[in-house]
Amino acid sequence: RKNSILKKNQSWINATKNNFLVGDYESLIPNADLVINLTPDKQHSNVVKELQKLMKKDACLGYSHGFNIVENGETIRKDITVIMVAPKCPGTEVREEYKRGFGVPTLIAVHNENDYSNMGLEVAKAWAFSTGGHRAGVLESSFVAEVKSDLMGEQTILCGMLQTASLVCYEKLITTQNHPGYAGKLIQFGWETITESLKHGGITLMMDRLSNSSKIRAFKLSQEIKRIFSKLFQKHMDDIISGDFSSKMIQDWKNKDQNLLNWRYKTKNTSFEQSPDYDKKILEQEYYDHGILMVAILKAGIELSFETMIQSGIMEESAYYESLHELPLIANTIARKKLYEMN
């Protein structure tokens, strides 16, 4: 923004300190070969409309999520190439994984109606390489597949299940006379600790961290959870494929996020979010030994999300990214700020 440049605020200081070219929309975009739009989905239509007025012929417009194209039906000038590089995690985790010399699994795609010079895929590959995505795996997808699988993963195992399970497991621990601080810490850091095993050996390694008797119990619990949630997961998938889920979300945007803000308020005031600090150390194995239900929920949620996506026609690699592989990175956000960052 011009005002930020004139006042030389913190963003300006950070950018100039790291030798970035600083300028406003009108001065930078007309000369840019690649313009990346990383604004929130609900702002895309207005942002993209303004970008197109300034972008030069044969430039590239980049997305990290294709909601605006697929669900809003946004049309882009035919002389602009439209690509997507979608890391499968929150933006904060993309940066953290890059800083430690790695990256996150990434989907890339070219919008079929906007590949003006047939160079879209090469540009997308280069962009994914620059974020370190190639170190974790880059999969060519499509705008439609990325959006539908992303929404399904978020609404089920990645966000929906983790959030609900955090609240339910906390209440369960309290009813069994556990200290509120201990219960809060076990759940807040338990998801991160337990899902770390998924990175290295999938569900098999996660289950192997349990004793034989606990493993049997977790397996039986997971089967029961899958039976209970199967129809709900299928309904989520049907609503996402049909566009019903997105239309309701867009309507809430128009209502100034009334539903979203109400849900955030309710979550903020739950017992889990308000749980006190606990300064005693919980050993790594203790998270598994006292988190059998959490392990069962993870196993059931991952398998059910994956299976439901496959049944709807989403390819296995994409379903895997959106069910198992992204899960540890989402769990990290709970470890940082409980459910605040996720929401």
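Using N, Cα and C of the backbone, Cβ positions are placed for all residues, glycine too.
On a predicted model such as this, the values are computed, not experimentally measured, just so you know.
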- Task: Pick the one from ASP115, ASP150, ASP208 that Swiss-Prot also lists for the Mg(2+) 2 site with GLU322, GLU326.
- Result: ASP150
- Note on the structure: CA pair ASP150 (Mg(2+) 2 binding site) / ASP41 (NADP(+) binding site), Å rounded to integer, equals 13
- Message: Quiz question: given the binding-site residues ASP41, ASP150, GLU326, which has the greatest number of C-beta atoms lying within 10 angstroms of its own C-beta?
- Response: GLU326
- Query: Where does the mean pLDDT land for the domain 'KARI C-terminal knotted 2' (287-343)?
  - Reply: 94
- Query: How long is the line from the C-alpha of GLU326 (Mg(2+) 2 binding site) to the C-alpha of LYS42 (NADP(+) binding site), rounded to the nearest angstrom?
  - Reply: 23
- Among HIS65, GLU154, GLU322, i.e. the recorded positions, the one with its Cα nearest that of ASP41 (NADP(+) binding site) is HIS65
- Message: As a test of the contact definition, list every same-chain residue at least 6 positions from GLY91 (NADP(+) binding site) whose Cβ is closer than 8 Å to its Cβ.
- Response: LEU38, SER64
- Query: Looking at the binding-site residues GLU154, GLU322, which one has the fewest other Cβ atoms within 10 Å of its own Cβ?
  - Reply: GLU154
